[in-house]
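Novice: I have a structure I would like to understand better, so I am pasting it below and will then ask my questions one at a time.
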Amino acid sequence: LCKAMRSRFINKAHLNSTTIQSDVADLYCSACECALCEDCLPAHEDHPKVVLSQALEQHRNRLQERLGAVQNRLPQISDALSFVREILQQLTNQRASIEEDIQSSFEDLHKQLEVRKSVLLMELEVTYGLKQKVLQAQIDNLTRGDGDITATCTQTEEALAEEASVATLEAEHELEERLKELAILRMPCQPEENDQLDLVMETDGLRKSIHNLGTIVTTSAVASQSEAMGSGLEQCIVGHPASVTIVTRDKSGGACKTGNAILSAEVFTPDGSIVDGEIVDHKNGTYEFVYTVPKEGEFSLALRLYDQHIKGSPFKLTIAKASERRGKSPGQKKKGSKRASSALGTPRRKTQNPIEDDLIFKIGTKGRNKGEFTNLQGVAASSNGRILIADSNNQCVQIFSNEGEFKTRFGVRGRSPGQLQRPTGVAVHPSGDIIIADYDNKWVSIFSCEGKFKAKLGSGRLMGPKGVSVDQNGHVIVVDNKACTVFIFQLTGKLIAKFGSRGNGDKQFAGPHFAAVNKNNEIIVTDFHNHSVKVFTAEGELVLKFGSNGEGNGQFNAPTGVAVDINGNIIVADWGNSRIQVFDGSGSFLSYINTSADPLYGPQGLALTSDGHVVVADSGNHCFKVYRYLQ
């Protein structure tokens, strides 16, 4: 209403709406945004005006639109509320899990200290007992000697005090012989032991270690503020490492200064398969993702921080061939010359002497249903005729018979104990328990053969477990891809040993993937970025190393899965060359498994089934394949 109408309305508060309506003209001033009465028309003569009914309808429409726009935000807010509540619940669960780990770790340390105290006290008693026994025996000997001498001397003195006679002569002869014996009797007059019994207790280093024992690790990084940069986001070259730098930021956009954020990176090929890469944590809030793409085309890079895309993710990548290629040795094929979806195609029989085996069957397509996979990784085979597949991006493990019949699957996505976030490795313990390496949750989960969660191990120690295996003693072997270390645990979670560090030395790794154990209880590890296979004792001593970067016999382009047959031969999945090679126990190349009928594309985990066949995770083709294998 105009000012005049408002004034009149106040003065005539008793008037009804009909009376007010009669004072209002059927016009609306668009400039002043008010209805006009007859008195105000002259004052608004130069202003744009519309019919009042039209203005009312437009106003109602605008109001309805704004209402709809605001109401449309409710689902978004509801989703955000659910997501934040889920994060809070996961945070609470993680707190409870860490509290349990702290209690368990310190209880274990307390037990170890009690055991050590008992050992030291026992050692003290044993050592004291041995020394005391020697000294007490010497005291007993000296006491007996002293008693004999004293008694004989007393008897002799008494005899001498009496008057000499023929009657005492015989007794004196006996005393004389006894005195002769005592005079030459050897007595242990020098100490046969010492009194040293000291305790050396180096507690300073232990106290310092205890003072610094354990760290609560976290970061304030959020995905919505974090960003990526670098040449790896631009045009990349086939077969050449590309690098992307990720800068993590907090909710206000400030740069984070510490590492340990949970970051994942996946390069997707045009057909939906995933290219492997390595994330390096610089421990200053920045991270580097290095990857190598085996063929040209349009790819995408998904960078997630705590399972959420960072700014700009997913990124589109253009992969091009290098303008100049290095020459190849005779008998080697050009990359991509036979099959577009494979880095190197299949080895030629005439030059590479493949084992004359055929594909028995393959199971799987891309998807989320039973018998479908999204980035399958680890493979295991049980003695009771089962094949287990770690279906990484579907957050589950699927189980099949040796004949490929689907049996069951289990796994719930999440970051709480008993849930799976990114299962990459799987193994079967002699007890029947199923052991799963969870890369993103940074621990190894133990499930019963029915898929019921039992325990987790390695929490707080592992950075990125990729592969798992079991040794002859029932210990769990964990290949930590991110830490470049092999850990050996008891099934209870107690750490037995660990070895390895980042580098290209004989006892170092660069992105190790999987492990197998031979009949000598030696651990065979595939060293992905060092393009080699290494064999170690259970104590971490290098026994054997073989392989180099290339496409020839016995060479690798990033080895992944590994298995050992009953004769000690080593079977290796050659990821970048998309093939499977066979070596003897000393690392000498024997042959290939013939995969030419249906070529592999980026094979990952590999195992030998209970009926003697080779099963491999054909990750790029979203299936697993079973081949005949001549042992």
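Cβ coordinates are placed from backbone N, Cα and C, and glycine is handled just like the others.
Here the structure is a predicted model, which means the values were calculated and not measured.
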Novice: Among 53-108, 165-220, 389-444, indicate the range for which TrEMBL gives the feature coiled coil.
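Specialist: The range carrying the coiled coil annotation in TrEMBL is 53-108.
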Novice: DSSP-wise, what's the residue breakdown of the repeat 'NHL' (543-586) into helix, strand and coil?
Specialist: 0 helix, 22 strand, 22 coil
Novice: Please count the residues of the repeat 'NHL' (587-630) that DSSP assigns to helix (H, G, I), strand (E, B) and coil.
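Specialist: For the repeat 'NHL' (587-630), the helix, strand and coil counts are 3 helix, 21 strand, 20 coil.
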Novice: Rank 218-319, 407-450, 451-492 by Cβ pairs under 8 Å to the repeat 'NHL' (543-586) and hand me the top one.
Specialist: 218-319
Novice: How does the model score the repeat 'NHL' (587-630) in terms of mean pLDDT?
Specialist: 92
Novice: Where, among 218-319, 451-492, 496-539, 587-630, do we find the most CB pairs under 8 A to the repeat 'NHL' (360-403)?
Specialist: 587-630
